[in-house]
Amino acid sequence: MTDISQMPDAAPTAKPKSGSLFEKDARTKRRNAAESRFKMYGIAAIGIGLLMLVVLVTNIVTAGTGAFQQTYLELNVELKADKLDKKGNGNIEDIKKVSTFGYAPLIASALENEVVQLGIQTDLKPKEMGKILSKAAQAELRNYVIANPDEIGKAVSFRFLTNSRVDGYMKGRVTRESIANDKSVSVEQLDFVDQLRDAGVLYKAFNLDFIFGSDASDQRPEAAGIGVSMLGSLFMMFVVLALALPIGVAASIYLEEFAPQNRLTDIIEVNISNLAAVPSIVFGILGLAVFINYMHLPTSAPLVGGLVLTLMTLPTIIISTRASLKAVPPSIRDAALGVGASKMQAVFHHVLPLAAPGILTGTIIGLAQALGETAPLLLIGMVGFIASNPPDGIVAGFLSPNSAMPAQIYEWSKRADPAFYERAWGGIIILLIFLVTMNTIAVLLRRRFERRW
Amino acid sequence: MALSWLLLILLALAVIGYFSGRSRALASAGGNARELHSLPSYYGYNVALTTLLPALGVLIVWLLMQPMIIDNTVSGLVPDQAIPEGSDRGLVMSEVRRVANGLDGAVASEAMTEAQAQNPDADIEALTAALKDAGQVLTQDITQPILMAAQKYRSMTSNGSVAMQVVVLALALLGAAFAYVRTHKEFRARNVVEQGILALLLLAASIAILTTVGIVLSMFFETLNFFQLHSWKDFFFGSTWAPNFRGGSELSILPLLWGTLYISVIALLVAVPIGLFAAVYLSEYASTVTRSVAKPLLEILAGIPTIVYGLFALLTVGPALVSMFGNGGALGVGWMASSNAVLTAGLVMGIMLIPFVSSLSDDIINAVPQSIRDGSLGLGATKSETVRQVVLPAALPGIVGAILLAASRAVGETMIVVMAAGAIAKFSGNPFEAMTTITTRIVSQLTGDTDFASPETLVAFALGLTLFIITLGLNIFALYIVRKYREQYE
């Protein structure tokens, strides 16, 4: 306000202006320009923020949708009895003795037959042709034979995964130019792939295995899936829900309804608000030191991950629960007390049910936060672990080593083959679908049950 | 008997206690509930809680204490000369545990009888061979003292768990009996139960304190260990970060702190102007419709997990920056060698912090009383002059608090820097170079096989403690400023 009086134009020595209000003088124009500039800055800031959101989302969608499609090659494989069941007695133990290498010739000859049948002209040797398939193909065939030993001697139609380069070629990630220095695929092989594609036996299809399958080793990005680590995340969320919800609600009830005004209460309150801002990696250090080093709980187990995430989400749940308890008007408590309920009864029978929707919303949001958290999981060993087998049984689900969705995504992002990057983005799409669903449920709950007193 | 069975038995006892307590109370009142002091179910709850709570409490404490006591006793059994050169007691103890687990596994898979496993004069070679046959993993050759210790460890563990089960069950039964005998129509069951529940609620609230204590203690003791192995002068005042697992590492926090602060500053340079202008626009200019659309959209950015930002930095922003500033890039300057750089991490972290700054500032700007704005507008100031000269100065302390909170977030952020900042610790002002941060080093020192006796691993705890103190300081200061400011207008 003082600024205005100091402005030179307003000084008494200035010449009195003539002219109408409709005629803007230079200073008004300048001030108006500053005004609209300032407004533009604001719009630009919001624009940049929203633009970043759009860029991020488009990037995720364009880079990640590829993971939901996979290139397959359809082959008619003759399960030759003389190769697979040499003794001819159908004994499953004997069939198991044939290693995955023993299945390679079957696939190779099936591919050769296919080429002859389709009339494809190629200079490739059979061995080179076979290389367009994934290394997982033989194992897939072996598993099928072991599961269905009766099929030996028949010809069965299979849909094999192709290797990641061929898959990349079909998706446009790999081109003839980009493979100049690539030893694992040649231009001739890509020509061959083109011919197979035109013949209709090599095609892209929806990749269910990515969603439900298990992780695969470095060499086989085409076979990697996020299913097992999804289970890991699920078990962790069970732990978080089972611990954080009751403890969080109990703590909030104490602080909001019963806590006397004293030193202890103050310390608890300060602690909770500080814990909410402690970097998540510090919780990881705590988990490593206390749960793994001291209590000797199994490394990489969803139970430990769940415990760490519980400690991390507790402040979130406590803060939102306290807010919803506070929103219940005191008249409800007074009415309950007035008809003879004890304080405990008033809280548990009347206040808590009324606050339940708000508590639930806060819990879901806390869970969503925990689901996406990665840093503490790095320290308790949920990374670097190849989640190749789903846990057998519920106890194993909590105690045997597993990965979690964000940890799996991180793991893929570190691997050398770019085909894994596509998986990582695909994993992020799945993770975000979970988060969006959870948050939508939370918002809907709030809308549905929100009550204005 | 597994732990789950013990818990199930306790639960069953509690359920039985509930019904028997309830019926005893009713019986004492001759079946007329109105004669009772409390509602019948309270008598049941009283018995159930008295059965369950002391037993569970002892169970938890026992589970926490037993490993520590056994470790201490057994580690006292290992003579000093049994500890090999260049190793220490902790390593030998983990070997002891491994052998004990191996014996357990061998007995469980029936490769060995219990007597064989506990035979103190067992032939070590035969035992090792038997363990290996049973598929147990051993890393070292078993020596006589280690075997002795492992056997002691096993026997103490199994004795301990038997004793625990006996004590816990006895406590549960005692509690049940005590509460059952006390149950009578005059007994003030509701008051007792409510006292118990209140104690439980208080316990739940104290978990926050326990967590903080746990965080501080777990890092504090390991940090002390670290400073016994490594000079604190080098840690705080050295100039090089060069961990070397063969010894002779230089572990100074300063280069890491520099990287952390540099990246945080870049992030704040991105987030503060954008966030602040967005907040001003949303609170002063935007129509309610714009506000109700733009604000939640911006806040989505805050809800996205950091792993997504990490991947975005690693695979999108980094390469994009290289294609602009790198060799043969669009600008042809050749400043940037790899996509891992301070700028990459800083920019992406800045995007992440935008909603953080904007939401907090928005709240604070909204808290400035309308009368102040009206006064300024009434004097003829334009809207932007009001914002710049009246509203923002009034909101300044709060905004500073918001920025400090964002800074604390930036300092503690892990995934983005782990994936995009690089691993080279150095003092450099060039934002196109890779640098490393405190959180990155914590992750790299603590992942994989960790040996808790080497300074290279323990340094992570010292780094963690420093990080904890820095963020805690920033938070407390920020909250103090925000709170103090709020009081002004309330």
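Note: Cβ is positioned from N, Cα and C throughout, glycine not excepted.
Values in this document were obtained by computation on a predicted structure and should not be read as measured data.
Sequence annotations record features per position, and here TrEMBL assigns domain 'ABC transmembrane type-1' to A:230-442.
Feature annotation from TrEMBL assigns region 'Disordered' to A:1-27.
Positions annotated as transmembrane segment by TrEMBL: A:40-61 (among others). For the transmembrane segment (A:40-61), same-chain residues at least 6 beyond its ends with a Cβ under 8 Å from one of its own Cβ atoms are 425, 428-429, 432.
Feature annotation from TrEMBL assigns transmembrane segment to A:230-255 (among others). Using a Cβ-Cβ cut-off under 8 Å and counting only residues 6 or more beyond its ends in the same chain, the transmembrane segment (A:230-255) has close neighbours at 211, 265, 268-269, 272, 302-303, 305-307, 309-310, 313-314, 317-318, 321-322, 325, 347, 352, 359, 363, 366-367, 370-371, 382, 387, 390-391, 397-398, 402-407, 430.
Same-chain neighbours of the transmembrane segment (A:275-297): 303-305, 307-309, 311-312, 314-316, 319, 373, 375-381, counting only residues six or more beyond its ends whose CB sits under 8 Å from a CB of the stretch. Under the heading transmembrane segment, TrEMBL lists A:275-297 (among others).
Non-local neighbours of the transmembrane segment (A:303-325) in the same chain are 232, 235-240, 243-245, 247-249, 251-253, 255-257, 272-273, 275-276, 280, 283-284, 286-287, 291-292, 297, 351-352, 355, 357-359, 361-363, 365-367, 369-370, 373, 376-377, 380, 382, 398-399, 404; each lies 6+ residues outside the stretch with a CB under 8 Å from one of its CB atoms. For A:303-325 (among others), the entry in TrEMBL reads transmembrane segment.
Among the features that TrEMBL reports, transmembrane segment is placed at A:346-368 (among others).
Within its own chain, the transmembrane segment (A:424-445) is flanked in space by residues 60-61, 63-68, 210-211, 226, 230, 357, 360-361, 364-365, 367-368, 371-372, 405-406, 408-409, 412-413, which lie at least six positions past its ends and keep a Cβ under 8 Å from the stretch. Taken from TrEMBL, the feature transmembrane segment applies to A:424-445 (among others).
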